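First the structure, in the form of structure tokens, and then the observations on it.
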């Protein structure tokens, strides 16, 4: 009896729940009114909220072209760097080959003149380094000092020949040594004489340093230091020339 009463009550309550669910759908006026009152209490504008929620079909989202923006930024950055370098923009490879060759030719000529001047000073000072008197000395007594003199004479002769060849080219428009042998000749001679000057100057400075540490310095040792220092500067100039010559050789190969 009791079980029958419980089943009857359950059957009566189930339709009521279904009818209440049907009476209150998701978009019922009661629910909309409750949502509107809640928005007003929270300080929000219902019209603005609906405008945000509803997409505007008339507006078209512009396509994002991040690749183009990145490329433009890279071009701007490169242009700023190139403008800062000024006349040396050829290092970045943005100048025609003809202009680059002209820049290298001017640099090579400057290094040739520098090497010739340094070698001339080195050999002149070394040749004049002879003191008289009971404590007199001469560079001829030491192999290291004669080595500097010989290397300076050879480098000066070669640098003078290169200057004469450049003047001949400017006047006549023809090279004394035709390409590509001229590039090979320049590279070989620049490297050999640069290493020769480096070896001679280091040997002379080492010998002079030992002499000064044992017996002290005087006018003779000061002139030796000056001559060997000029020979070392000539080595630097010829070394830079050898770099330019190597560039010319590899340009021919490639």
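In case you wondered, yes, glycine gets a Cβ from its N, Cα and C as well.
No curator has checked TrEMBL annotations; they are predicted automatically.
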Of 90-108, 109-127, which span is tagged transmembrane segment by TrEMBL? 109-127
Select from 192-210, 211-229 the stretch of residues annotated by TrEMBL as transmembrane segment. 192-210
To which of the residue ranges 47-71, 147-171 does TrEMBL assign the term transmembrane segment? 147-171
Dominant neighbour of the transmembrane segment (230-253) in 109-127, 147-171, 192-210, by Cβ pairs under 8 Å: 109-127
Chain residues in Cβ proximity to the transmembrane segment (192-210) (below 8 Å; excluding those fewer than six residues from its ends, i.e. six or more beyond): 119, 142, 144-145, 147-148, 150-152, 154-155, 158, 221, 224-225, 227-229, 231-232, 234-235, 238-239, 241-242
